[in-house]
């Protein structure tokens, strides 16, 4: 294969082929480099230095994403979008570096994460922790590995270590992307079940900063607020969930349960009932 992988299956392993970035019919996937010339020193001691940076480039349809490599040669850190023109003008393919250094390290990390997931599903938390730790030594910001090791800590009640992972995850925008939705939900539920309620609130607030129109996020936030006895906040988020999705069954049942158990403040009963009626009308109109 040429310097960068160009394949319709962006998850495929390197193959022998001859793709290059100019081929718009296939998706680009591989390592590229950029060079930046800098002047160092002053006066007669001024000299030029060239700084070379390596990037993992991946194309999905018309979207091309660029991500830096860390010191262990795996993609890590924030992604940014670039155009095909920018890729062709500023980036040079690095085929041997990708095939000999980057791809093997990515595979090693992926295997460790998958083995960690398998161990955790079997309830083998210490073995799972070992595998996730292997992955995190390669990329400490890997979202799946952080979720995985955080869940193992929560499952065995190790709140201090879970707190460390929580603090790392809330700073990673990637933790809140749709591809990690299942792990995100599982981690949030585990925080609440372990009575780490303040952390749960911060976790969901951070998610809502990035994804506001998600009824499930609002419903999960309402569950935590109920446990902290913030009933008004709980009601607010349930109503917001229904505003987004009038037929959201869990939120409807949650509000009905609050009314049945006389937990809704008296000054909000009429408003909640009106919201339920409006949700019912909206649902009927949509059906």
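Positions of Cβ are set from backbone N, Cα and C atoms, glycine also.
Heads up, TrEMBL stuff is auto-annotated, nobody curated it.
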TrEMBL feature region 'Disordered', matched against 1-31, 32-62, maps to 1-31
Hey, which bits of the same chain come close to the repeat 'TPR' (181-214), Cβ under 8 Å, at least six residues off its ends?
143-144, 147-148, 150-151, 154-155, 157, 159, 162-163, 166, 169-170, 173, 175, 220-221, 223-225, 227-228, 244
